[in-house]
Amino acid sequence: MAVALGCAIQASLNQGSVFQEYDTDCEVFRQRFRQFQYREAAGPHEAFNKLWELCCQWLKPKMRSKEQILELLVLEQFLTILPTEIETWVREHCPENRERVVSLIEDLQRELDIPEQQVDMHDMLLEELAPVGTAHIPPTMHLESPALQVMGPAQEAPVAEAWIPQAGPPELNYSATGECQNFLDPGYPLPKLDMNFSLENREEPWVKELQDSKEMKQLLDSKIGFEIGIENEEDTSKQKKMETMYPFIVTLEGNALQGPILQKDYVQLENQWETPPEDLQRDLAKLVDQQNPTLGETPENSNLEEPLNPKPHKKKSPGEKPHRCPQCGKCFARKSQLTGHQRIHSGEEPHKCPECGKRFLRSSDLYRHQRLHTGERPYECTVCKKRFTRRSHLIGHQRTHSEEETYKCLECGKSFCHGSSLKRHLKTHTGEKPHRCHNCGKSFSRLTALTLHQRTHTEERPFKCNYCGKSFRQRPSLVIHLRIHTGEKPYKCTHCSKSFRQRAGLIMHQVTHFRGLI
(Lines of atoms letter the chains of each structure in order from A and count residues from 1; the text may use other names and numbers.)
(Lines give C-alpha, C1' and ligand atoms only; values in the text may rest on other atoms or scores of the structure.)
Protein backbone atom coordinates (compact mmCIF):
# COMPACT_ATOMS: atom_id res chain seq x y z
CA MET A 1 0.00 0.00 0.00
CA ALA A 2 2.83 2.37 0.86
CA VAL A 3 4.54 1.55 -2.45
CA ALA A 4 1.34 2.20 -4.36
CA LEU A 5 0.82 5.47 -2.51
CA GLY A 6 4.31 6.74 -3.28
CA CYS A 7 4.12 5.76 -6.95
CA ALA A 8 0.65 7.25 -7.39
CA ILE A 9 1.74 10.55 -5.90
CA GLN A 10 4.81 10.63 -8.13
CA ALA A 11 2.64 9.96 -11.18
CA SER A 12 0.36 12.81 -10.17
CA LEU A 13 3.33 15.14 -9.86
CA ASN A 14 4.59 14.16 -13.30
CA GLN A 15 1.21 15.00 -14.83
CA GLY A 16 1.37 18.53 -13.41
CA SER A 17 -0.74 20.41 -10.92
CA VAL A 18 -4.46 20.45 -11.47
CA PHE A 19 -4.92 23.29 -9.02
CA GLN A 20 -4.08 26.90 -9.52
CA GLU A 21 -0.81 27.77 -7.75
CA TYR A 22 -0.40 30.95 -5.78
CA ASP A 23 2.61 33.23 -5.28
CA THR A 24 5.52 31.26 -3.76
CA ASP A 25 7.18 34.26 -2.08
CA CYS A 26 5.66 33.24 1.27
CA GLU A 27 7.29 29.80 1.06
CA VAL A 28 10.65 31.33 0.08
CA PHE A 29 10.62 33.69 3.07
CA ARG A 30 9.55 30.85 5.37
CA GLN A 31 12.51 28.72 4.28
CA ARG A 32 14.91 31.64 4.74
CA PHE A 33 13.58 32.17 8.25
CA ARG A 34 13.84 28.49 9.21
CA GLN A 35 17.28 27.96 7.61
CA PHE A 36 18.97 31.10 8.96
CA GLN A 37 22.19 30.30 10.86
CA TYR A 38 23.76 32.28 13.69
CA ARG A 39 27.14 32.28 11.94
CA GLU A 40 25.68 34.33 9.08
CA ALA A 41 25.44 37.37 11.38
CA ALA A 42 28.17 39.48 12.97
CA GLY A 43 26.78 39.05 16.49
CA PRO A 44 23.67 38.38 18.59
CA HIS A 45 22.24 41.85 17.94
CA GLU A 46 22.54 41.46 14.17
CA ALA A 47 21.27 37.86 14.27
CA PHE A 48 18.14 38.83 16.20
CA ASN A 49 17.41 41.75 13.86
CA LYS A 50 17.89 39.53 10.81
CA LEU A 51 15.51 36.88 12.21
CA TRP A 52 12.97 39.60 12.98
CA GLU A 53 13.22 40.90 9.41
CA LEU A 54 12.87 37.42 7.87
CA CYS A 55 9.90 36.60 10.12
CA CYS A 56 8.14 39.82 9.11
CA GLN A 57 8.78 39.06 5.43
CA TRP A 58 7.20 35.63 5.92
CA LEU A 59 4.23 36.42 8.18
CA LYS A 60 3.70 40.07 7.03
CA PRO A 61 2.13 41.32 10.30
CA LYS A 62 1.25 44.69 8.74
CA MET A 63 -0.88 43.02 6.07
CA ARG A 64 -2.29 39.99 7.93
CA SER A 65 -4.45 39.73 11.00
CA LYS A 66 -3.54 37.74 14.11
CA GLU A 67 -5.85 34.94 13.02
CA GLN A 68 -4.19 34.73 9.59
CA ILE A 69 -0.71 34.62 11.14
CA LEU A 70 -1.83 31.88 13.53
CA GLU A 71 -3.27 29.95 10.60
CA LEU A 72 0.08 30.15 8.76
CA LEU A 73 1.94 28.73 11.77
CA VAL A 74 -0.57 25.91 12.26
CA LEU A 75 -0.49 25.18 8.52
CA GLU A 76 3.30 24.83 8.60
CA GLN A 77 3.17 22.43 11.56
CA PHE A 78 0.36 20.43 9.95
CA LEU A 79 2.43 19.86 6.80
CA THR A 80 5.36 18.55 8.86
CA ILE A 81 3.24 15.83 10.54
CA LEU A 82 1.96 14.45 7.23
CA PRO A 83 3.59 11.36 5.71
CA THR A 84 6.56 12.29 3.56
CA GLU A 85 4.93 11.45 0.21
CA ILE A 86 1.73 13.36 0.97
CA GLU A 87 3.66 16.34 2.38
CA THR A 88 5.74 16.58 -0.82
CA TRP A 89 2.64 16.33 -3.00
CA VAL A 90 0.76 19.00 -1.01
CA ARG A 91 3.72 21.43 -1.01
CA GLU A 92 3.95 21.10 -4.80
CA HIS A 93 0.45 22.62 -5.00
CA CYS A 94 1.34 25.53 -2.66
CA PRO A 95 -1.89 25.67 -0.60
CA GLU A 96 -2.66 29.12 0.74
CA ASN A 97 -5.04 28.21 3.59
CA ARG A 98 -6.25 25.31 5.72
CA GLU A 99 -9.34 24.65 3.61
CA ARG A 100 -7.10 24.24 0.58
CA VAL A 101 -4.83 21.76 2.40
CA VAL A 102 -7.72 19.64 3.65
CA SER A 103 -9.37 19.56 0.24
CA LEU A 104 -6.10 18.54 -1.44
CA ILE A 105 -5.62 15.58 0.91
CA GLU A 106 -9.27 14.51 0.63
CA ASP A 107 -9.08 14.67 -3.18
CA LEU A 108 -5.93 12.56 -3.11
CA GLN A 109 -7.57 9.94 -0.87
CA ARG A 110 -10.64 9.76 -3.07
CA GLU A 111 -8.51 9.51 -6.21
CA LEU A 112 -6.40 6.67 -4.83
CA ASP A 113 -9.25 5.13 -2.78
CA ILE A 114 -7.12 5.21 0.38
CA PRO A 115 -8.67 5.07 3.86
CA GLU A 116 -7.99 7.94 6.21
CA GLN A 117 -5.51 5.93 8.22
CA GLN A 118 -3.46 5.95 5.00
CA VAL A 119 -1.08 2.98 5.24
CA ASP A 120 -0.82 -0.19 7.24
CA MET A 121 1.98 0.07 9.79
CA HIS A 122 3.50 -3.22 8.62
CA ASP A 123 3.76 -1.90 5.07
CA MET A 124 5.23 1.36 6.29
CA LEU A 125 7.97 -0.50 8.17
CA LEU A 126 8.75 -2.65 5.13
CA GLU A 127 8.72 0.41 2.89
CA GLU A 128 11.36 2.10 5.06
CA LEU A 129 13.52 -1.04 5.18
CA ALA A 130 13.25 -1.83 1.45
CA PRO A 131 13.15 1.08 -1.05
CA VAL A 132 11.06 0.72 -4.20
CA GLY A 133 12.91 -1.31 -6.78
CA THR A 134 13.05 -4.69 -8.47
CA ALA A 135 12.08 -7.03 -5.66
CA HIS A 136 13.16 -10.65 -5.26
CA ILE A 137 11.09 -12.53 -2.66
CA PRO A 138 12.56 -15.72 -1.16
CA PRO A 139 10.57 -18.82 -2.14
CA THR A 140 9.59 -19.73 1.40
CA MET A 141 8.32 -16.36 2.54
CA HIS A 142 5.17 -14.32 1.99
CA LEU A 143 3.68 -11.15 3.39
CA GLU A 144 0.32 -10.30 4.91
CA SER A 145 0.04 -7.25 2.68
CA PRO A 146 -3.20 -7.05 0.62
CA ALA A 147 -1.16 -6.26 -2.49
CA LEU A 148 0.60 -9.65 -2.24
CA GLN A 149 -2.23 -11.92 -1.03
CA VAL A 150 -2.41 -13.52 -4.47
CA MET A 151 0.60 -15.61 -3.42
CA GLY A 152 -1.55 -17.69 -1.10
CA PRO A 153 -3.49 -17.55 2.15
CA ALA A 154 -1.55 -15.99 4.97
CA GLN A 155 -1.05 -17.90 8.17
CA GLU A 156 -1.90 -16.26 11.44
CA ALA A 157 1.15 -14.43 12.79
CA PRO A 158 2.34 -15.68 16.21
CA VAL A 159 2.97 -12.11 17.37
CA ALA A 160 0.13 -9.58 17.29
CA GLU A 161 0.55 -6.38 15.25
CA ALA A 162 3.96 -7.41 13.91
CA TRP A 163 5.05 -8.94 10.63
CA ILE A 164 7.43 -11.91 10.48
CA PRO A 165 8.28 -14.28 7.61
CA GLN A 166 6.02 -17.33 7.30
CA ALA A 167 6.49 -20.63 5.57
CA GLY A 168 4.65 -20.74 2.26
CA PRO A 169 1.78 -23.09 1.38
CA PRO A 170 2.49 -26.50 -0.14
CA GLU A 171 1.34 -25.49 -3.60
CA LEU A 172 1.26 -22.13 -5.34
CA ASN A 173 -0.44 -21.40 -8.64
CA TYR A 174 0.62 -18.25 -10.48
CA SER A 175 -1.02 -18.98 -13.77
CA ALA A 176 -3.75 -16.40 -13.27
CA THR A 177 -1.51 -13.48 -14.22
CA GLY A 178 -4.39 -11.45 -15.56
CA GLU A 179 -6.17 -11.39 -12.22
CA CYS A 180 -2.98 -10.35 -10.49
CA GLN A 181 -2.42 -7.56 -13.00
CA ASN A 182 -5.93 -6.20 -12.46
CA PHE A 183 -5.45 -6.25 -8.72
CA LEU A 184 -2.13 -4.44 -8.68
CA ASP A 185 -2.41 -2.18 -11.72
CA PRO A 186 -2.51 1.49 -10.58
CA GLY A 187 -2.23 2.93 -14.11
CA TYR A 188 1.56 3.06 -14.41
CA PRO A 189 4.30 0.39 -14.86
CA LEU A 190 5.29 -1.58 -11.78
CA PRO A 191 8.49 -3.59 -11.22
CA LYS A 192 7.92 -7.20 -12.21
CA LEU A 193 8.11 -9.69 -9.36
CA ASP A 194 10.05 -12.91 -9.71
CA MET A 195 7.34 -15.54 -9.07
CA ASN A 196 9.29 -18.57 -10.33
CA PHE A 197 10.04 -20.10 -6.97
CA SER A 198 11.41 -23.55 -6.33
CA LEU A 199 9.18 -25.42 -3.90
CA GLU A 200 11.88 -27.91 -3.01
CA ASN A 201 13.67 -25.50 -0.68
CA ARG A 202 10.66 -24.19 1.23
CA GLU A 203 11.67 -26.16 4.31
CA GLU A 204 15.12 -24.58 4.62
CA PRO A 205 16.12 -24.66 8.31
CA TRP A 206 17.07 -21.00 8.55
CA VAL A 207 13.53 -19.90 7.68
CA LYS A 208 11.90 -21.98 10.40
CA GLU A 209 14.44 -20.89 12.99
CA LEU A 210 14.02 -17.28 11.93
CA GLN A 211 10.24 -17.18 12.33
CA ASP A 212 10.35 -19.05 15.66
CA SER A 213 13.18 -17.02 17.16
CA LYS A 214 12.36 -14.77 20.10
CA GLU A 215 14.94 -12.29 18.83
CA MET A 216 12.93 -11.60 15.69
CA LYS A 217 9.78 -11.06 17.76
CA GLN A 218 11.57 -8.73 20.13
CA LEU A 219 13.01 -6.76 17.21
CA LEU A 220 9.62 -6.26 15.59
CA ASP A 221 7.96 -5.41 18.93
CA SER A 222 10.60 -2.81 19.74
CA LYS A 223 10.65 0.91 18.92
CA ILE A 224 12.00 0.20 15.48
CA GLY A 225 8.27 0.05 14.61
CA PHE A 226 8.00 3.67 15.67
CA GLU A 227 4.42 4.19 14.44
CA ILE A 228 3.08 1.06 16.19
CA GLY A 229 4.12 2.60 19.50
CA ILE A 230 5.17 -0.59 21.33
CA GLU A 231 7.66 0.21 24.07
CA ASN A 232 11.01 -1.58 23.92
CA GLU A 233 12.08 -3.43 27.07
CA GLU A 234 15.78 -2.90 27.72
CA ASP A 235 17.31 -6.29 28.45
CA THR A 236 21.08 -6.51 28.20
CA SER A 237 21.24 -10.30 28.33
CA LYS A 238 18.75 -10.67 25.46
CA GLN A 239 20.62 -8.07 23.43
CA LYS A 240 23.84 -10.06 23.76
CA LYS A 241 22.03 -13.24 22.81
CA MET A 242 20.54 -11.56 19.74
CA GLU A 243 24.01 -10.70 18.43
CA THR A 244 24.94 -14.38 18.34
CA MET A 245 21.83 -15.86 16.71
CA TYR A 246 20.86 -14.89 13.14
CA PRO A 247 21.36 -11.13 13.55
CA PHE A 248 19.43 -10.18 10.41
CA ILE A 249 16.06 -9.62 8.84
CA VAL A 250 15.18 -10.07 5.17
CA THR A 251 13.58 -7.28 3.14
CA LEU A 252 11.45 -7.43 -0.01
CA GLU A 253 14.59 -7.21 -2.12
CA GLY A 254 16.21 -10.15 -0.35
CA ASN A 255 18.73 -8.03 1.53
CA ALA A 256 19.84 -9.23 4.95
CA LEU A 257 19.97 -6.49 7.59
CA GLN A 258 21.37 -6.69 11.10
CA GLY A 259 18.30 -6.65 13.29
CA PRO A 260 19.78 -6.39 16.81
CA ILE A 261 22.41 -3.86 15.85
CA LEU A 262 19.90 -1.85 13.84
CA GLN A 263 17.53 -1.90 16.81
CA LYS A 264 20.25 -0.89 19.27
CA ASP A 265 21.51 2.00 17.15
CA TYR A 266 18.02 3.26 16.47
CA VAL A 267 16.93 3.15 20.13
CA GLN A 268 20.05 5.13 21.08
CA LEU A 269 19.27 7.69 18.42
CA GLU A 270 15.62 7.94 19.50
CA ASN A 271 16.53 8.38 23.18
CA GLN A 272 19.04 11.09 22.30
CA TRP A 273 16.79 13.15 20.06
CA GLU A 274 13.06 13.63 20.58
CA THR A 275 12.01 14.10 16.98
CA PRO A 276 8.70 13.84 15.10
CA PRO A 277 7.80 10.49 13.45
CA GLU A 278 8.69 11.70 9.95
CA ASP A 279 12.20 12.64 11.14
CA LEU A 280 12.51 9.22 12.79
CA GLN A 281 11.66 7.62 9.45
CA ARG A 282 14.48 9.48 7.74
CA ASP A 283 16.92 8.58 10.53
CA LEU A 284 15.87 4.93 10.27
CA ALA A 285 16.53 4.98 6.53
CA LYS A 286 20.04 6.30 7.22
CA LEU A 287 20.70 3.45 9.66
CA VAL A 288 19.48 0.94 7.09
CA ASP A 289 21.79 2.44 4.44
CA GLN A 290 24.76 2.05 6.79
CA GLN A 291 24.07 -1.68 7.28
CA ASN A 292 22.61 -2.53 3.86
CA PRO A 293 24.79 -4.95 1.86
CA THR A 294 25.08 -4.87 -1.91
CA LEU A 295 21.65 -4.30 -3.45
CA GLY A 296 20.19 -7.33 -5.10
CA GLU A 297 22.23 -9.83 -3.06
CA THR A 298 19.92 -12.66 -2.02
CA PRO A 299 20.17 -14.88 1.04
CA GLU A 300 21.24 -17.74 -1.24
CA ASN A 301 24.31 -15.76 -2.35
CA SER A 302 25.31 -14.53 1.09
CA ASN A 303 26.58 -16.39 4.11
CA LEU A 304 23.78 -15.89 6.61
CA GLU A 305 25.42 -17.91 9.37
CA GLU A 306 28.13 -15.28 9.77
CA PRO A 307 27.18 -11.99 11.47
CA LEU A 308 27.06 -9.02 9.13
CA ASN A 309 29.49 -6.48 10.57
CA PRO A 310 29.03 -3.11 8.89
CA LYS A 311 31.72 -0.48 9.01
CA PRO A 312 31.23 1.65 12.12
CA HIS A 313 30.15 5.22 11.55
CA LYS A 314 33.18 7.45 11.91
CA LYS A 315 32.58 10.42 14.19
CA LYS A 316 34.60 13.60 14.13
CA SER A 317 36.70 14.36 17.17
CA PRO A 318 36.18 17.82 18.73
CA GLY A 319 39.52 19.17 17.50
CA GLU A 320 39.50 17.55 14.08
CA LYS A 321 39.93 19.84 11.05
CA PRO A 322 39.53 17.67 7.94
CA HIS A 323 39.16 20.48 5.37
CA ARG A 324 42.57 21.71 4.18
CA CYS A 325 43.40 24.65 1.93
CA PRO A 326 45.51 23.47 -1.05
CA GLN A 327 47.20 26.88 -1.38
CA CYS A 328 48.53 27.50 2.14
CA GLY A 329 47.78 24.22 3.95
CA LYS A 330 45.59 25.78 6.64
CA CYS A 331 42.93 23.40 8.01
CA PHE A 332 39.33 24.07 9.01
CA ALA A 333 36.60 22.17 10.84
CA ARG A 334 33.84 23.09 8.36
CA LYS A 335 33.80 23.20 4.59
CA SER A 336 32.07 26.59 4.67
CA GLN A 337 35.04 28.01 6.60
CA LEU A 338 37.41 26.67 3.94
CA THR A 339 35.27 28.21 1.18
CA GLY A 340 35.40 31.61 2.88
CA HIS A 341 39.15 31.29 3.41
CA GLN A 342 39.83 30.45 -0.25
CA ARG A 343 38.32 33.79 -1.26
CA ILE A 344 41.39 35.41 0.28
CA HIS A 345 43.61 33.63 -2.27
CA SER A 346 41.27 34.21 -5.21
CA GLY A 347 40.64 37.87 -4.33
CA GLU A 348 36.89 37.35 -4.56
CA GLU A 349 34.80 39.93 -2.71
CA PRO A 350 31.16 38.92 -3.29
CA HIS A 351 29.52 41.41 -0.91
CA LYS A 352 29.01 44.87 -2.44
CA CYS A 353 27.82 48.04 -0.72
CA PRO A 354 24.80 49.45 -2.61
CA GLU A 355 25.65 53.00 -1.50
CA CYS A 356 29.29 53.46 -2.53
CA GLY A 357 30.06 50.24 -4.44
CA LYS A 358 32.83 49.10 -2.11
CA ARG A 359 33.21 45.32 -1.95
CA PHE A 360 33.95 43.07 1.01
CA LEU A 361 35.02 39.50 1.64
CA ARG A 362 32.49 38.79 4.41
CA SER A 363 28.90 39.85 4.93
CA SER A 364 29.73 40.95 8.49
CA ASP A 365 32.31 43.41 7.12
CA LEU A 366 29.70 44.84 4.75
CA TYR A 367 27.22 45.16 7.62
CA ARG A 368 29.72 47.16 9.70
CA HIS A 369 30.63 49.30 6.69
CA GLN A 370 27.00 50.23 6.07
CA ARG A 371 26.93 51.88 9.49
CA LEU A 372 29.08 54.62 7.98
CA HIS A 373 26.23 55.50 5.62
CA THR A 374 23.37 55.04 8.07
CA GLY A 375 25.15 56.68 11.02
CA GLU A 376 24.24 53.76 13.29
CA ARG A 377 26.33 53.54 16.47
CA PRO A 378 25.04 50.59 18.53
CA TYR A 379 27.82 50.56 21.16
CA GLU A 380 27.46 53.20 23.89
CA CYS A 381 29.84 54.14 26.68
CA THR A 382 28.11 53.89 30.05
CA VAL A 383 30.26 56.70 31.51
CA CYS A 384 30.07 59.52 28.97
CA LYS A 385 27.28 58.16 26.68
CA LYS A 386 29.52 58.42 23.62
CA ARG A 387 28.56 55.92 20.92
CA PHE A 388 30.68 53.85 18.53
CA THR A 389 30.18 51.74 15.43
CA ARG A 390 32.39 48.88 16.64
CA ARG A 391 32.74 47.16 19.97
CA SER A 392 36.54 47.27 19.76
CA HIS A 393 36.36 51.08 19.52
CA LEU A 394 34.18 51.17 22.64
CA ILE A 395 36.62 48.98 24.59
CA GLY A 396 39.52 51.23 23.59
CA HIS A 397 37.54 54.32 24.58
CA GLN A 398 36.63 52.88 27.99
CA ARG A 399 40.32 52.63 28.80
CA THR A 400 40.47 56.42 28.82
CA HIS A 401 38.02 56.43 31.74
CA SER A 402 39.85 53.69 33.65
CA GLU A 403 43.23 55.35 32.98
CA GLU A 404 44.53 52.05 31.70
CA GLU A 405 47.49 52.92 29.50
CA THR A 406 49.62 49.87 28.82
CA TYR A 407 51.71 51.14 25.87
CA LYS A 408 54.45 53.61 26.84
CA CYS A 409 56.84 55.55 24.60
CA LEU A 410 60.48 55.06 25.68
CA GLU A 411 61.50 58.39 24.12
CA CYS A 412 59.17 60.82 25.89
CA GLY A 413 57.36 58.59 28.41
CA LYS A 414 53.90 59.20 26.94
CA SER A 415 51.46 56.30 27.38
CA PHE A 416 48.75 55.03 25.05
CA CYS A 417 45.82 52.65 25.26
CA HIS A 418 46.49 50.95 21.91
CA GLY A 419 49.66 49.60 20.36
CA SER A 420 48.69 51.17 17.04
CA SER A 421 48.51 54.59 18.71
CA LEU A 422 52.02 54.13 20.10
CA LYS A 423 53.26 53.07 16.67
CA ARG A 424 51.87 56.23 15.07
CA HIS A 425 53.36 58.33 17.86
CA LEU A 426 56.84 56.90 17.33
CA LYS A 427 56.83 58.28 13.78
CA THR A 428 56.83 61.79 15.27
CA HIS A 429 60.23 61.04 16.84
CA THR A 430 61.73 59.34 13.80
CA GLY A 431 60.17 61.71 11.24
CA GLU A 432 59.13 58.72 9.14
CA LYS A 433 56.56 59.46 6.43
CA PRO A 434 56.28 56.32 4.30
CA HIS A 435 53.05 57.25 2.48
CA ARG A 436 53.66 59.55 -0.50
CA CYS A 437 51.25 61.20 -2.92
CA HIS A 438 52.06 60.36 -6.55
CA ASN A 439 50.47 63.58 -7.82
CA CYS A 440 52.29 66.24 -5.80
CA GLY A 441 54.98 64.24 -3.98
CA LYS A 442 53.77 65.17 -0.49
CA SER A 443 54.43 62.53 2.19
CA PHE A 444 52.36 61.48 5.19
CA SER A 445 52.95 59.37 8.27
CA ARG A 446 49.53 57.71 8.09
CA LEU A 447 47.77 56.01 5.19
CA THR A 448 44.43 57.57 6.13
CA ALA A 449 45.97 61.03 5.87
CA LEU A 450 47.22 60.22 2.37
CA THR A 451 43.78 58.94 1.37
CA LEU A 452 42.12 62.16 2.52
CA HIS A 453 44.78 64.23 0.74
CA GLN A 454 44.30 62.41 -2.57
CA ARG A 455 40.64 63.40 -2.57
CA THR A 456 41.74 66.99 -3.06
CA HIS A 457 43.18 65.93 -6.43
CA THR A 458 40.33 63.66 -7.51
CA GLU A 459 37.60 65.85 -5.94
CA GLU A 460 36.02 62.65 -4.63
CA ARG A 461 33.29 63.13 -2.04
CA PRO A 462 32.14 59.63 -1.03
CA PHE A 463 30.11 60.64 2.04
CA LYS A 464 26.66 61.84 0.98
CA CYS A 465 23.84 63.20 3.12
CA ASN A 466 20.62 61.23 2.64
CA TYR A 467 18.50 64.28 3.56
CA CYS A 468 19.78 67.01 1.24
CA GLY A 469 22.24 65.18 -1.04
CA LYS A 470 25.30 67.22 -0.01
CA SER A 471 28.61 65.31 -0.19
CA PHE A 472 31.76 65.46 1.91
CA ARG A 473 35.35 64.23 1.66
CA GLN A 474 35.53 63.08 5.28
CA ARG A 475 33.06 61.17 7.36
CA PRO A 476 33.38 63.44 10.45
CA SER A 477 32.21 66.34 8.29
CA LEU A 478 29.12 64.34 7.30
CA VAL A 479 28.40 63.44 10.94
CA ILE A 480 28.52 67.11 11.96
CA HIS A 481 26.32 68.06 9.00
CA LEU A 482 23.69 65.44 9.86
CA ARG A 483 23.17 67.15 13.23
CA ILE A 484 21.60 70.06 11.34
CA HIS A 485 18.82 67.75 10.12
CA THR A 486 18.44 65.70 13.31
CA GLY A 487 18.77 68.65 15.70
CA GLU A 488 21.33 66.77 17.81
CA LYS A 489 23.54 68.94 20.03
CA PRO A 490 25.82 66.62 22.00
CA TYR A 491 28.13 69.28 23.51
CA LYS A 492 26.59 70.90 26.58
CA CYS A 493 27.93 73.77 28.66
CA THR A 494 28.26 72.90 32.35
CA HIS A 495 27.65 76.52 33.43
CA CYS A 496 24.48 77.50 31.58
CA SER A 497 23.30 74.17 30.08
CA LYS A 498 23.45 75.56 26.55
CA SER A 499 24.14 72.90 23.87
CA PHE A 500 26.11 72.98 20.63
CA ARG A 501 26.49 70.82 17.53
CA GLN A 502 30.31 71.07 17.43
CA ARG A 503 32.95 71.01 20.13
CA ALA A 504 34.51 74.16 18.71
CA GLY A 505 31.26 76.03 19.32
CA LEU A 506 31.25 74.89 22.95
CA ILE A 507 34.84 76.08 23.47
CA MET A 508 34.10 79.52 22.01
CA HIS A 509 31.00 79.79 24.21
CA GLN A 510 32.88 78.88 27.39
CA VAL A 511 35.29 81.76 26.74
CA THR A 512 32.44 84.18 27.50
CA HIS A 513 32.09 82.69 30.99
CA PHE A 514 35.81 82.95 31.73
CA ARG A 515 35.96 86.58 30.53
CA GLY A 516 33.70 87.58 33.39
CA LEU A 517 36.06 85.91 35.87
CA ILE A 518 39.09 87.73 34.47
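Even glycines carry a Cβ here, placed using N, Cα and C.
From a predicted model like this one, the values you see are computed outputs, not experimental measurements.
The stretch that Swiss-Prot tags with zinc finger, taken from the ranges 254-276, 323-345, is 323-345.
As annotated in Swiss-Prot, zinc finger covers the listed stretch 379-401 rather than the other ranges in 218-240, 379-401. For the zinc finger (351-373), residue counts in helix, strand and coil come to 11 helix, 4 strand, 8 coil, using DSSP. Outside the zinc finger (463-485) by six or more residues, the chain places 355, 372-373, 375, 452, 455-456, 501-502 with a CB less than 8 A from a CB of the stretch. For the zinc finger (491-513), DSSP puts the residue distribution at 11 helix, 4 strand, 8 coil. Sorting the zinc finger (407-429) by DSSP state (H, G, I as helix; E, B as strand; all else coil) yields 11 helix, 4 strand, 8 coil.
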